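In what follows, a single structure is set out as structure tokens and then discussed.
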Amino acid sequence: MSADALIVGVADGRYRAEHVNVAQRYRSKSTYDADFLKNGVQQHRRSSGDARGIGLAANEIFHKIQSERMMRRNSSRVDLPEGLSQNGNGAAVLRDEALPSEASAKPVVNKVGDEEQSGGTRDWRKNRSAVEDRIVSLRRILTWISCCSVFFSCLQHEMILRDVNPRSLAVNTLKVLCLILAVISVAILYRIFFLKELFMRIQLHLRSLHHLDLHVAPLSILREPKFLVQGTIFLVHVPPFVTLAFPVQFGQNLILYQIESVGALWSTARVFLLWSCLRDFVLRSLPKRHTVSNFTEIDLGSAFAIKTIMHGYYAVFFIAVVWIISVLLAAYWFRAVELTACQFAFTTDPRCLQDNARIWWNEQGEYEKVNDLYMQNAMWAMFTTSTTVGYGDVLATTSLGRLVSIFMSIIGLAMVAMLTASLMQRLQFTNKEQTALLMFDKLNALHLLERHAAELVQVWYRIRRDRKMNTRKREGARRVHLQQIKDDFKKKKKVARQEMEDCFSDQAKIDQIHDRLKALCSSLEERMQKSSPHDTLKRQGSLNGSVVSSGSRMSGDPRPPPPPPPPAELSMLPSLAPRDWRRSPVKVDEQVTRSSRLALLFASLGTLFALLQNEMIFAEEDPHDNKINALKFANLCCSVLCVVCLHRIYSYEILLQRIIAHIQRGIDLHILIPVSSVFSIPKFWIESAVCLLHLPPFVTFEVASMMMGNIVAYRAETVLCSFNILRVYLAWRVFRQNHLTHLPNRHTIELFTRVKFNSVFVLKLMLNSWNAVFYLLLCGFLFVLLVGYLYRNAEISSCLLRTTTHPMCLLPEAKQWTIAGSEFDKTNDFFILNACWFIWTSVLPGAGGGSICSTHFSRFLAAMAALYGILTSSITAATLANLFNYSTEESTALGIISREKSRERVKAIAADILILWWKRSTGRQLTHRQKNLSTSSLRQALREEKMLVNVELEDVASSSSKVQQISKRLKFIEGFLERAGEDQEGGKENSSSS
């Protein structure tokens with residue numbers, strides 16, 4: 001384009017159109033360059049099997065594109081009139097001061113589908129972000145409408161269960177509302193698919209510059225199978241003024257289903273929209289996800305969203321929510337398919353008069369069919385099925401009920417597998433935590449080095465003394481002991497001599513190597529520029545091309561500077577005032593540990609007094625007896641002292657935070673902690689409520705309630721005793737504090753590595769050692785004992801005690817109970833081992849307890865036991881998977897062993913080749929194995945084994961050892977270059993001075 005044409009274009013008022021054409025042409029060139037780069041890298045990937053040459057190939061392509069741009073830029077330089085200039089790409093643009101006065105906003109030329117920056121009104125259908133926002137908004141609206149429709153359908157079903165006639169006005173009104181919401185849902189669904197098709201066209205236009213067609217044919221959407229399936233789910237419902245019942249034969253039994261019940265079950269399938277909203281929430285939190293998806297050629301869909309959730313902090317919470325929703329849905333389905341319409345008051349179907357509609361038959365014999373309307377029984381059955389425990393108190397009597405149970409058991413197994421995978425990842429140490437552990441090992445080695453040296457000298461002296469006294473047996477035993485001490489001393493010495501940089505994790509070392517390589521390449525580039533400035537462009541690609549990452553090319557932001565080198569040695573935190581223990585973090589930690597132990601002691605004594613009260617009540621002692629009141633008073637004193645110790649713990653923790661802040665940021669240290677400062681911590685009030693809640697002296701009462709048609713009563717002493725058992729959590733506080741106290745220089749390493757040494761870190765420490773098996777067995781024993789005692793309290797009704805005074809205990813429902821259609825006489829089981837056996841069988845999947853949980857509290861405890869069993873099995877699997885991994889030294893040993901095995905195989909193959917050649921040349925008979933051998937295959941195997949044999953010892957080391965060796969060699973190269981630079985500068989100074 002010439003300058004005269006531009007001048008004529010400006011004079012004719014067509015400068016804006018020309019400006020747009022020039023910008024679009026250069027944008028198409030840049031798009032071609034990007035596609036050329038991407039195709040070149042992909043072609044190099046297909047042609048070369050070595051992934052290390054991709055950086056060099058990309059660098060060559062980048063420089064080729066840069067040279068072509070420079071040639072175009074130089075060839076497109078023209079003399080422009082005043083008011084016009086050229087941009088970096090050589091395109092003609094209009095200066096800001098040359099714009100006409102009537103232009104209120106500067107037009108910005110963008111590719112269709114990009115974000116609008118400023119000025120100009122454009123069609124939202126050409127904006128990718130606007131289309132996606134509308135899709136997400138419509139999905140949320142559709143989810144809310146579907147939830148309302150499901151609520152109305154389930155409300156119809158519940159009204160029919162309460163003997164409301166399905167032809168009544170209320171039920172038909174709900175059906176009309178469901179019809180209206182179904183039509184609206186299908187319309188919104190059609191709009192969503194229309195926008196999704198438009199979004200895909202915009203994506204294709206942005207990726208390949210295809211023509212953007214905004215017209216979407218309705219038939220193209222109606223023919224999509226996904227739209228037809230989802231439209232069927234939304235549109236199928238029970239029409240108004242339509243009701244019927246249809247029979248289903250299960251073996252010899254006849255069951256009648258109402259059409260409203262089937263419609264309610266069908267409507268619950270719309271719950272899949274919840275996942276669509278969650279997926280949109282997860283994916284929209286990822287910045288520039290469409291650009292990243294196009295660059296990496298990865299589909300960021302549902303599978304990627306699930307992986308993102310499972311790798312996050314809320315994986316366990318997500319699994320729990322999915323599990324709860326599955327149990328609720330399956331329980332609703334199970335109850336619906338187990339109810340027969342023959343027992344509804346409005347049913348007039350003559351088939352309900354048949355014998356097989358009232359008297360059913362199963363493997364155990366005949367029984368009378370009774371509808372169980374309690375939702376909690378169905379939830380209990382589905383929960384026990386999902387945990388694979390299966391108590392057998394609520395069973396499926398129909399084929400559809402068994403099908404729902406099978407579905408729930410599969411969901412339970414999938415949830416257990418997901419929980420195991422999530423815990424396996426969460427129990428692994430992060431890079432910072434690995435660095436902290438390596439630093440702890442170094443400091444422990446420094447502390448133990450002197451002790452091992454002293455033991456070495458002592459054993460050596462005793463050996464010399466035994467040699468003089470001619471005691472050969474003692475001398476030999478002590479020599480063995482001396483060799484063990486020598487080995488331990490060498491190991492500790494090797495660990496203690498490591499530098500702090502060598503204590504970093506592998507990933508941190510790789511990051512340091514990357515940063516140092518970049519700095520090394522830049523320093524070499526500067527030296528090359530000083531030595532020969534003419535070859536700068538050629539050498540620049542070979543230096544920088546191999547270290548430029550794809551992330552830096554995409555974002556354009558430079559990599560953050562490397563962190564400052566750590567200190568040579570980590571010393572103890574300085575004692576600000578040795579005479580005052582409140583200024584030393586170590587002393588404050590000791591006070592926290594002492595207060596935690598005292599709090600556990602008082603809480604244990606208070607719980608013991610509560611247990612004695614409860615046992616006296618079960619022995620039918622008078623609740624107003626002086627012995628029981630004395631125990632209540634002792635529990636009161638212990639509870640108050642426990643809360644006082646908790647207050648001291650929180651005060652010391654505040655003081656410790658102030659000391660750390662003073663050391664880290666130089667904030668003034670105030671060692672006086674007001675009493676009211678602890679009251680602003682919510683966690684303190686929660687722990688105080690757990691430790692302080694108890695039954696005061698001279699106070700007693702009885703609580704009774706109706707559960708599933710049965711009356712159960714509890715004494716206040718029993719309820720408060722069960723609550724006091726929760727104080728056992730204080731044992732974890734003491735256990736955690738003891739573990740953290742044994743970590744040397746914990747606060748210094750915490751400041752350096754930014755790792756929080758809290759309960760999660762201690763839990764990882766416990767579960768990443770072979771002691772984890774002992775910890776899990778101990779926790780299982782304590783859990784069974786405590787939960788078994790709570791289960792016994794939940795199953796004992798005070799209505800069967802002679803000391804009861806509650807009026808509800810006089811009713812027949814207090815002694816004659818009915819559970820899931822089975823009637824029995826309620827009796828109290830005071831034997832604690834029976835309760836512990838039931839909890840133990842609940843912890844083990846598939847065992848079952850052989851007992852019936854007759855109250856809601858006992859079912860809750862049994863559910864907790866089943867969940868604990870699942871959690872323990874998942875943690876055990878994750879722990880053993882981590883423990884069975886080879887360590888760094890073991891991996892190195894395996895590499896050396898494999899090399900030695902290759903040497904033996906080389907000898908065997910060479911012998912086979914020689915024997916085969918000798919027998920064939922002399923005409924001797926070959927064995928059956930030698931007949932199947934081929935000389936060419938033996939030679940090929942010999943070459944492969946020789947390659948493994950010729951590997952050096954450093955090459956068979958583990959990846960961690962190789963990373964450490966690379967780091968050391970890189971530091972050696974840096975030191976050599978620094979010395980060479982200093983020598984060169986010293987030579988220049990000497991020459992200038994001479």
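Cβ from N, Cα, C; glycine included.
Under the heading transmembrane segment, TrEMBL lists 173-193 (among others).
Among the features that TrEMBL reports, transmembrane segment is placed at 313-334 (among others). If you look at the transmembrane segment (313-334), the same-chain residues 6 or more away from its ends with a CB under 8 A from one of its CBs are 154, 265, 268, 271, 274, 375, 378-379, 381-383, 386, 396, 401, 404-405, 407-408, 411-412, 415, 418-419, 422-423, 426.
Per TrEMBL, the feature domain 'Potassium channel' maps to 377-428. Mapped onto DSSP helix, strand and coil, the domain 'Potassium channel' (377-428) counts 38 helix, 0 strand, 14 coil.
The transmembrane segment feature in TrEMBL is assigned to 403-424 (among others).
Sequence annotations record features per position, and here TrEMBL assigns compositional bias 'Basic and acidic residues' to 525-538.
The compositional bias 'Low complexity' annotation in TrEMBL covers 545-557.
Per TrEMBL, transmembrane segment is recorded for 772-791 (among others).
According to TrEMBL, the transmembrane segment annotation covers 830-848 (among others).
Residues annotated as transmembrane segment in TrEMBL: 860-884 (among others). With a cut-off of 8 Å between Cβ atoms, the residues of this chain six or more beyond the transmembrane segment (860-884) that come close are 383-384, 387, 389, 391, 416, 419-420, 423-424, 427-428, 767-770, 772, 776, 779-780, 783-784, 787, 790-791, 794, 838-839, 842-845, 849, 853.
Nonlocal intrachain contacts for the transmembrane segment (173-193), taken as residues 6+ away from its ends with a CB within less than 8 angstroms of a stretch CB, comprise 135, 138-139, 141-142, 145-146, 148-149, 152-153, 155-156, 159, 221, 224, 226-227, 230-231, 234-235, 237-242, 267.
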